[in-house]
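Worksheet: one structure, shown below.
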Amino acid sequence: MQSLSLNSSTLQSPSMALVLIRPETETTGSSTSSRALQEVIAQLAQELTHNGQLDESSPLGKLLGKAMAASGKAGGGLEDIKAALDTLIHEKLGDNFGASADNASDTGQHDLMTQVLNGLAKSMLNDLLTKQDDGTRFSEDDMPMLKKIAEFMDDNPAQFPKPDSGSWVNELKEDNFLDGDETAQFRSALDIIGQQLGSQQNAAGGLAGDSSGGGLGSPVSNTENSPGSLGDPLIDANTGPASNSNSNGDVGQLIGELIDRGLQSVLAGGGLGTPVSTANTALVPGGEQPNQDLGQLLGGLLQKGLEATLQDAGQTGTGVQSSAAQVALLLVNMLLQSTKNQAAA
(Lines of atoms letter the chains of each structure in order from A and count residues from 1; the text may use other names and numbers.)
(Lines give C-alpha, C1' and ligand atoms only; values in the text may rest on other atoms or scores of the structure.)
Protein backbone atom coordinates (compact mmCIF):
# COMPACT_ATOMS: atom_id res chain seq x y z
CA MET A 1 0.00 0.00 0.00
CA GLN A 2 2.85 2.32 0.76
CA SER A 3 4.23 1.67 -2.68
CA LEU A 4 0.89 2.49 -4.30
CA SER A 5 0.64 5.70 -2.30
CA LEU A 6 4.13 6.73 -3.35
CA ASN A 7 3.41 6.11 -7.03
CA SER A 8 0.17 8.07 -6.85
CA SER A 9 1.97 10.97 -5.27
CA THR A 10 4.64 10.84 -7.95
CA LEU A 11 2.16 10.82 -10.80
CA GLN A 12 0.34 13.81 -9.31
CA SER A 13 3.50 15.92 -9.67
CA PRO A 14 3.43 17.80 -13.02
CA SER A 15 7.21 17.95 -13.23
CA MET A 16 7.63 14.23 -12.62
CA ALA A 17 4.87 13.42 -15.09
CA LEU A 18 6.75 15.44 -17.72
CA VAL A 19 9.91 13.45 -17.04
CA LEU A 20 8.01 10.19 -17.46
CA ILE A 21 6.28 11.20 -20.69
CA ARG A 22 9.06 13.06 -22.52
CA PRO A 23 11.36 10.08 -23.27
CA GLU A 24 8.45 8.23 -24.89
CA THR A 25 7.70 11.23 -27.14
CA GLU A 26 11.32 11.52 -28.23
CA THR A 27 11.52 7.83 -29.01
CA THR A 28 8.37 7.52 -31.05
CA GLY A 29 8.74 10.88 -32.83
CA SER A 30 5.92 13.10 -34.04
CA SER A 31 6.25 12.93 -37.85
CA THR A 32 2.96 12.77 -39.71
CA SER A 33 4.64 12.17 -43.09
CA SER A 34 3.63 9.19 -45.20
CA ARG A 35 5.84 6.13 -45.01
CA ALA A 36 7.06 6.76 -48.57
CA LEU A 37 8.08 10.32 -47.71
CA GLN A 38 9.83 9.14 -44.55
CA GLU A 39 11.87 6.74 -46.69
CA VAL A 40 12.85 9.61 -48.99
CA ILE A 41 13.80 11.70 -45.95
CA ALA A 42 15.94 8.84 -44.63
CA GLN A 43 17.79 8.61 -47.96
CA LEU A 44 18.40 12.35 -48.06
CA ALA A 45 19.58 12.37 -44.44
CA GLN A 46 22.14 9.67 -45.23
CA GLU A 47 23.40 11.70 -48.20
CA LEU A 48 23.76 14.78 -46.01
CA THR A 49 25.49 13.03 -43.11
CA HIS A 50 29.25 12.72 -42.73
CA ASN A 51 30.84 11.05 -39.71
CA GLY A 52 27.51 11.07 -37.92
CA GLN A 53 26.86 14.80 -38.35
CA LEU A 54 25.36 17.13 -40.93
CA ASP A 55 27.65 18.03 -43.83
CA GLU A 56 26.93 21.69 -44.56
CA SER A 57 29.13 21.97 -47.66
CA SER A 58 26.18 21.53 -50.06
CA PRO A 59 23.38 24.07 -50.67
CA LEU A 60 20.78 21.81 -49.02
CA GLY A 61 23.20 21.07 -46.18
CA LYS A 62 23.66 24.80 -45.55
CA LEU A 63 19.91 25.39 -45.57
CA LEU A 64 19.29 22.50 -43.19
CA GLY A 65 22.13 23.61 -40.92
CA LYS A 66 20.56 27.05 -40.51
CA ALA A 67 17.19 25.47 -39.73
CA MET A 68 18.71 23.14 -37.13
CA ALA A 69 20.62 25.99 -35.51
CA ALA A 70 17.43 28.06 -35.30
CA SER A 71 15.65 25.19 -33.52
CA GLY A 72 18.53 24.51 -31.12
CA LYS A 73 19.53 21.25 -32.83
CA ALA A 74 22.88 22.34 -34.28
CA GLY A 75 25.40 19.49 -34.23
CA GLY A 76 22.66 16.89 -33.86
CA GLY A 77 22.92 13.33 -35.13
CA LEU A 78 21.10 11.40 -37.83
CA GLU A 79 17.70 11.39 -36.12
CA ASP A 80 17.86 15.15 -35.61
CA ILE A 81 18.76 15.58 -39.29
CA LYS A 82 15.77 13.46 -40.31
CA ALA A 83 13.44 15.48 -38.08
CA ALA A 84 14.79 18.77 -39.44
CA LEU A 85 14.36 17.56 -43.03
CA ASP A 86 10.81 16.46 -42.30
CA THR A 87 9.96 19.89 -40.90
CA LEU A 88 11.72 21.73 -43.74
CA ILE A 89 9.94 19.76 -46.46
CA HIS A 90 6.50 20.45 -45.01
CA GLU A 91 7.30 24.13 -44.42
CA LYS A 92 8.46 24.62 -48.02
CA LEU A 93 6.22 22.19 -49.92
CA GLY A 94 3.03 22.08 -47.86
CA ASP A 95 1.59 20.18 -44.90
CA ASN A 96 0.03 17.50 -47.11
CA PHE A 97 3.02 16.98 -49.37
CA GLY A 98 3.45 13.29 -50.22
CA ALA A 99 0.27 12.28 -48.42
CA SER A 100 -0.81 9.84 -51.14
CA ALA A 101 2.66 8.51 -51.91
CA ASP A 102 2.19 5.26 -49.95
CA ASN A 103 0.04 3.93 -52.80
CA ALA A 104 2.76 4.55 -55.37
CA SER A 105 4.97 1.91 -57.00
CA ASP A 106 8.76 1.80 -56.85
CA THR A 107 8.74 4.22 -59.78
CA GLY A 108 6.49 6.48 -57.74
CA GLN A 109 9.03 6.39 -54.93
CA HIS A 110 11.70 7.68 -57.31
CA ASP A 111 9.27 10.32 -58.56
CA LEU A 112 8.66 11.44 -54.98
CA MET A 113 12.38 12.02 -54.48
CA THR A 114 12.40 14.07 -57.70
CA GLN A 115 9.46 16.11 -56.46
CA VAL A 116 11.14 16.79 -53.13
CA LEU A 117 14.38 17.96 -54.72
CA ASN A 118 12.64 20.08 -57.38
CA GLY A 119 10.35 21.61 -54.78
CA LEU A 120 13.20 22.47 -52.43
CA ALA A 121 15.27 23.92 -55.28
CA LYS A 122 12.34 26.10 -56.32
CA SER A 123 11.79 27.35 -52.77
CA MET A 124 15.50 28.13 -52.43
CA LEU A 125 15.35 30.30 -55.56
CA ASN A 126 12.68 32.38 -53.89
CA ASP A 127 15.00 33.05 -50.93
CA LEU A 128 18.12 34.02 -52.89
CA LEU A 129 17.38 37.76 -52.90
CA THR A 130 16.52 39.83 -49.83
CA LYS A 131 15.02 43.31 -50.18
CA GLN A 132 17.29 46.17 -49.17
CA ASP A 133 16.54 49.86 -49.81
CA ASP A 134 15.59 50.19 -53.51
CA GLY A 135 17.20 46.88 -54.50
CA THR A 136 18.15 43.50 -53.07
CA ARG A 137 21.16 41.85 -51.50
CA PHE A 138 22.36 38.26 -51.63
CA SER A 139 24.53 35.99 -49.50
CA GLU A 140 27.92 34.59 -50.43
CA ASP A 141 26.64 31.21 -49.18
CA ASP A 142 24.24 31.11 -52.14
CA MET A 143 26.88 31.94 -54.75
CA PRO A 144 26.92 28.46 -56.40
CA MET A 145 23.23 28.75 -57.28
CA LEU A 146 23.44 32.46 -58.07
CA LYS A 147 26.29 31.85 -60.49
CA LYS A 148 24.21 29.32 -62.45
CA ILE A 149 21.39 31.87 -62.70
CA ALA A 150 23.82 34.55 -63.90
CA GLU A 151 25.30 32.20 -66.52
CA PHE A 152 21.78 31.48 -67.78
CA MET A 153 21.18 35.23 -68.13
CA ASP A 154 24.48 35.75 -69.96
CA ASP A 155 23.58 32.92 -72.34
CA ASN A 156 20.33 34.71 -73.25
CA PRO A 157 21.31 38.37 -73.84
CA ALA A 158 18.19 39.11 -75.90
CA GLN A 159 16.06 38.36 -72.83
CA PHE A 160 18.52 39.76 -70.27
CA PRO A 161 20.57 42.72 -71.60
CA LYS A 162 24.06 42.96 -70.14
CA PRO A 163 24.52 45.16 -67.05
CA ASP A 164 27.16 47.89 -66.77
CA SER A 165 29.73 45.38 -65.52
CA GLY A 166 29.63 43.57 -68.87
CA SER A 167 28.07 40.32 -67.69
CA TRP A 168 25.76 39.06 -64.97
CA VAL A 169 28.49 36.81 -63.60
CA ASN A 170 30.71 39.88 -63.18
CA GLU A 171 27.83 41.72 -61.54
CA LEU A 172 27.75 39.13 -58.75
CA LYS A 173 31.49 39.58 -58.19
CA GLU A 174 31.33 43.37 -57.72
CA ASP A 175 29.37 43.33 -54.46
CA ASN A 176 26.38 41.61 -52.90
CA PHE A 177 23.84 44.26 -53.93
CA LEU A 178 21.58 44.55 -56.99
CA ASP A 179 19.81 47.83 -57.76
CA GLY A 180 16.15 48.00 -58.76
CA ASP A 181 16.64 47.38 -62.49
CA GLU A 182 19.14 44.58 -61.89
CA THR A 183 16.81 43.01 -59.35
CA ALA A 184 13.93 43.05 -61.85
CA GLN A 185 16.09 41.28 -64.44
CA PHE A 186 17.34 38.74 -61.93
CA ARG A 187 13.87 38.01 -60.59
CA SER A 188 12.69 37.54 -64.15
CA ALA A 189 15.34 34.84 -64.61
CA LEU A 190 14.40 33.25 -61.27
CA ASP A 191 10.77 33.18 -62.32
CA ILE A 192 11.48 31.48 -65.66
CA ILE A 193 13.67 28.82 -64.04
CA GLY A 194 11.18 28.43 -61.20
CA GLN A 195 8.46 27.65 -63.74
CA GLN A 196 10.66 24.91 -65.16
CA LEU A 197 11.26 23.45 -61.71
CA GLY A 198 7.52 23.53 -61.05
CA SER A 199 6.79 21.79 -64.35
CA GLN A 200 9.39 19.11 -63.66
CA GLN A 201 8.02 18.65 -60.15
CA ASN A 202 4.46 18.18 -61.42
CA ALA A 203 5.60 15.88 -64.23
CA ALA A 204 7.23 13.62 -61.65
CA GLY A 205 3.83 12.37 -60.51
CA GLY A 206 1.77 15.11 -58.88
CA LEU A 207 1.91 13.55 -55.41
CA ALA A 208 2.53 16.82 -53.63
CA GLY A 209 -0.19 18.50 -51.66
CA ASP A 210 0.47 21.78 -53.44
CA SER A 211 0.93 20.97 -57.09
CA SER A 212 0.40 24.44 -58.44
CA GLY A 213 2.83 25.40 -61.14
CA GLY A 214 3.90 28.79 -62.33
CA GLY A 215 6.48 31.20 -61.05
CA LEU A 216 7.81 32.14 -57.66
CA GLY A 217 5.41 34.92 -56.94
CA SER A 218 8.19 37.48 -57.06
CA PRO A 219 7.36 41.04 -58.10
CA VAL A 220 8.88 40.83 -61.55
CA SER A 221 6.23 42.99 -63.13
CA ASN A 222 3.16 44.95 -62.19
CA THR A 223 0.19 43.13 -63.67
CA GLU A 224 -1.88 46.30 -63.64
CA ASN A 225 0.58 48.05 -65.93
CA SER A 226 2.05 45.22 -67.99
CA PRO A 227 0.07 44.39 -71.12
CA GLY A 228 1.30 40.80 -71.37
CA SER A 229 2.84 37.95 -69.48
CA LEU A 230 6.46 37.94 -68.41
CA GLY A 231 8.85 36.71 -71.05
CA ASP A 232 6.29 36.42 -73.85
CA PRO A 233 8.58 36.23 -76.91
CA LEU A 234 6.07 37.81 -79.28
CA ILE A 235 5.44 40.76 -76.96
CA ASP A 236 9.17 41.16 -76.36
CA ALA A 237 9.86 41.04 -80.09
CA ASN A 238 7.30 43.76 -80.84
CA THR A 239 7.46 46.08 -77.86
CA GLY A 240 10.63 45.14 -75.97
CA PRO A 241 10.92 43.18 -72.70
CA ALA A 242 8.66 44.13 -69.80
CA SER A 243 7.00 46.94 -71.73
CA ASN A 244 4.67 49.08 -69.62
CA SER A 245 3.43 51.30 -72.45
CA ASN A 246 -0.20 51.92 -73.30
CA SER A 247 -1.83 48.89 -74.94
CA ASN A 248 -2.67 50.93 -78.06
CA GLY A 249 1.02 51.75 -78.52
CA ASP A 250 2.41 53.54 -81.51
CA VAL A 251 0.66 51.54 -84.23
CA GLY A 252 2.31 53.49 -87.00
CA GLN A 253 5.77 52.81 -85.64
CA LEU A 254 5.01 49.12 -85.21
CA ILE A 255 3.69 48.81 -88.78
CA GLY A 256 6.74 50.66 -90.06
CA GLU A 257 9.06 48.30 -88.21
CA LEU A 258 7.23 45.26 -89.58
CA ILE A 259 7.39 46.59 -93.15
CA ASP A 260 11.10 47.30 -92.70
CA ARG A 261 11.57 43.78 -91.36
CA GLY A 262 9.70 42.39 -94.35
CA LEU A 263 11.90 44.35 -96.76
CA GLN A 264 15.02 43.01 -95.04
CA SER A 265 13.66 39.49 -95.42
CA VAL A 266 13.02 40.03 -99.15
CA LEU A 267 16.51 41.48 -99.70
CA ALA A 268 17.95 38.45 -97.88
CA GLY A 269 16.25 36.17 -100.39
CA GLY A 270 13.00 35.41 -98.61
CA GLY A 271 10.74 36.57 -101.43
CA LEU A 272 7.20 37.87 -101.23
CA GLY A 273 5.45 35.73 -103.82
CA THR A 274 3.79 36.54 -107.14
CA PRO A 275 1.67 39.57 -106.17
CA VAL A 276 4.60 41.63 -104.98
CA SER A 277 6.77 40.56 -107.93
CA THR A 278 4.01 41.77 -110.26
CA ALA A 279 3.97 45.07 -108.44
CA ASN A 280 7.73 45.41 -108.71
CA THR A 281 7.56 44.77 -112.47
CA ALA A 282 4.72 47.23 -112.91
CA LEU A 283 6.56 50.00 -111.09
CA VAL A 284 9.51 49.95 -113.48
CA PRO A 285 9.80 53.37 -115.24
CA GLY A 286 8.12 53.36 -118.63
CA GLY A 287 5.99 50.32 -117.88
CA GLU A 288 2.28 49.79 -118.30
CA GLN A 289 -0.28 50.99 -115.75
CA PRO A 290 0.38 49.16 -112.44
CA ASN A 291 -1.62 45.98 -111.89
CA GLN A 292 -1.30 46.40 -108.13
CA ASP A 293 -1.37 49.48 -106.04
CA LEU A 294 1.10 50.50 -103.38
CA GLY A 295 -1.21 49.17 -100.67
CA GLN A 296 -0.82 45.62 -101.95
CA LEU A 297 2.96 45.98 -101.98
CA LEU A 298 3.02 47.32 -98.44
CA GLY A 299 0.60 44.60 -97.40
CA GLY A 300 2.96 41.93 -98.72
CA LEU A 301 5.91 43.49 -96.92
CA LEU A 302 3.88 43.77 -93.73
CA GLN A 303 2.89 40.10 -93.90
CA LYS A 304 6.48 39.05 -94.56
CA GLY A 305 7.71 41.16 -91.66
CA LEU A 306 5.16 39.64 -89.32
CA GLU A 307 6.15 36.12 -90.38
CA ALA A 308 9.83 36.86 -89.76
CA THR A 309 9.06 38.40 -86.36
CA LEU A 310 6.95 35.42 -85.29
CA GLN A 311 9.63 33.00 -86.43
CA ASP A 312 12.39 34.78 -84.52
CA ALA A 313 10.17 35.17 -81.46
CA GLY A 314 9.39 31.47 -81.45
CA GLN A 315 13.05 30.57 -81.73
CA THR A 316 13.96 32.98 -78.92
CA GLY A 317 11.23 31.68 -76.62
CA THR A 318 12.13 28.06 -77.29
CA GLY A 319 15.82 28.77 -76.71
CA VAL A 320 15.21 30.51 -73.39
CA GLN A 321 12.88 27.80 -72.10
CA SER A 322 15.24 25.03 -73.19
CA SER A 323 18.14 26.79 -71.49
CA ALA A 324 16.04 27.33 -68.35
CA ALA A 325 15.13 23.63 -68.23
CA GLN A 326 18.80 22.69 -68.34
CA VAL A 327 19.65 25.13 -65.55
CA ALA A 328 16.76 23.78 -63.47
CA LEU A 329 18.22 20.27 -63.72
CA LEU A 330 21.66 21.59 -62.78
CA LEU A 331 20.27 23.33 -59.70
CA VAL A 332 18.52 20.15 -58.54
CA ASN A 333 21.73 18.15 -58.98
CA MET A 334 23.66 20.81 -57.04
CA LEU A 335 21.50 20.51 -53.93
CA LEU A 336 23.45 17.57 -52.55
CA GLN A 337 26.83 18.43 -54.07
CA SER A 338 29.54 19.68 -51.76
CA THR A 339 31.25 22.96 -52.63
CA LYS A 340 34.38 21.02 -53.59
CA ASN A 341 32.47 18.83 -56.05
CA GLN A 342 30.71 21.88 -57.51
CA ALA A 343 34.07 23.53 -58.20
CA ALA A 344 35.26 20.38 -59.97
CA ALA A 345 32.08 20.33 -62.06
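Glycine too: its Cβ is placed from the backbone N, Cα and C atoms.
What Swiss-Prot says about this one:
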type	residues	note
REGION	86-194	region 'Peptide-binding'
REGION	202-247	region 'Disordered'
COMPBIAS	206-217	compositional bias 'Gly residues'
REGION	213-275	region '2 X 7 AA repeats of G-G-G-L-G-[ST]-P'
REPEAT	213-219	repeat '1-1'
COMPBIAS	219-228	compositional bias 'Polar residues'
REPEAT	269-275	repeat '1-2'
Per-residue pLDDT averaged over the repeat '1-2' (269-275) comes to what? 52
Residue distribution over DSSP helix, strand and coil in the region 'Peptide-binding' (86-194): 69 helix, 8 strand, 32 coil
